[in-house]
Every structure is written in structure tokens, then in C-alpha cells.
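Feature annotations, reproduced from TrEMBL:
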TRANSMEM  21-38  transmembrane segment
TRANSMEM  58-78  transmembrane segment
TRANSMEM  99-122  transmembrane segment
TRANSMEM  142-164  transmembrane segment
TRANSMEM  171-196  transmembrane segment
TRANSMEM  216-238  transmembrane segment
Amino acid sequence: MLKRCIQAENRKLHASPIWGLFFALPLISAIYGTFNYLQNLEILKDGWYSLWTQHTLFYSMFFFPAMVAAYAAYLWRLEHLGHNWNLIMASPVRPIDLFLAKFVVVAKLALLTHLFVFLLYAFCGKVFAHFPGFPPMILLAFLLRGAVGALAVIAAQLVLAMVIRSFAIPIFLGLVGGITGLLAGSKGLSLFWPYALMQAGMNANKSNDVLSGGGYILFFFSCIFWLVTMVLVAGMFLKKRDVKA
């Protein structure tokens, strides 16, 4: 049943306006990051690393949480129409499978978005910043860490979009989450807040690796903890919804 749910969620993406966001927001983020880097060359002197800090700052704090929130709200919009919740609860599909299917689809979109962001970063570094060679391999590790940290944000936004019928409110809360994630990271509390995990994983706006010195274990543990917590919250909500239906 889970496989069929994933296929059904994937069909929602065909000719979807979501693809406009997929291309537009990373482009805007890349423009902001590159412009900010070029305007501060006297301060940002570490080449590829400095450009990475500027690209990932805007992306992880503003654009990614809002984008994931839009992905999640879009996939839940059909369930919020009319009496569709009752129809879903009466179907032979386990409600938690519906949530997990949406999680898989949004995670796939997020991974593709990450890759697109990296391509834009490399392009801007070569064309506008005129860096020699290619981005350091460690930045690919940062990208993969960010993808892992993003899973907690995805699960959190799917829970919000599931509970809140409005399309706009979860997106606003995603933006708030991104800002609070930045504040948590500045206080050294990245591992205690799901919206800070992707920023920590991508080493956003940091000159030194924030996960060095044994931080990897705590980072991955925190990612798993928040992901499992959000899935359990979703399961409890759907179980309660089932009783009401």
C-alpha cells in the first residue's frame, strides 16, 4: 500500500506549479548569495568556502524552509478539501502510509533541490567569482549532511501542513522555523532544534566545520530523534482523526 501511495503522490507533481518554486527559489537564493559575496570581497577571502557560506545562509534560513513548507502544503491540499479526510480514513490504506508517502516524495524533491543549489553554486563560482578549479570535495559532504538534516524539517512541515488547513500558514511557520534555526545555531544549540539541523549540516555561514570533533554522532542522533518524533506525532494525530471520522 505504501508503494501505491507514493505513486499517487508522485502523480500530483505532474504539471504542478510546485516546479516553478523548485527552479525560482534556488535561483533567487544563488543571486542573493553571489551578490552578497561580491560586495564583501574585502572580508570574504576564502574563495569557494566564502561563497558557500553566503549561498547556504540564504538558502538554509529562508528559501529551503519555505520551499519545503510549500511542497508539504501542496501535497496535503487535496485531503483538506470537503470531506476527503473521511474518505481517506474509510479507505483500506493505513493513514500513516499516506504521511510516509508524502514524506518520501518531499524528501525526493528536497534532494533534487539540494543538487540544483549545488550546481548553481558551482556555476556562480566559475562564472561570476572566477574561481580556479572546482569546488572542494568537502562541500559535497556538507551538501549530503544538509540533506540528512533536512529530513527533520520535512517531517515537521508535513505535520504542520497536515494539521493546518491553510496553505499559507505552514509556509509562514516554515520561515519562522528557519529564522529560529539560525538563532539556535548562533547560540550553539543546533542539535536541539529541527530547523537548525540542515543549517548545521551544510555548515551555513560558518568558516569552520561545526560538526568537527565528534559532532557527527550527535548530529545524526539528533536528526533521527527529530524525524522519529515527528512521525510519531503524525501517527497519533492520524489515529485520533480516525476515531473522529
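Here the Cβ of each residue, glycine as well, is placed from N, Cα and C on the backbone.
Quantities reported herein were computed from a predicted structural model and do not represent experimental measurements.
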Touch test for the transmembrane segment (216-238) and the transmembrane segment (21-38), at least 3 Cβ pairs under 8 Å: no
Dominant neighbour of the transmembrane segment (99-122) in 21-38, 142-164, 171-196, by Cβ pairs under 8 Å: 142-164
Tertiary contacts of the transmembrane segment (171-196), as residues 6+ beyond its ends and Cβ separation under 8 Å: 60-62, 64-66, 68-70, 73, 152-153, 155-157, 160, 204, 210, 218-219, 222, 226, 230
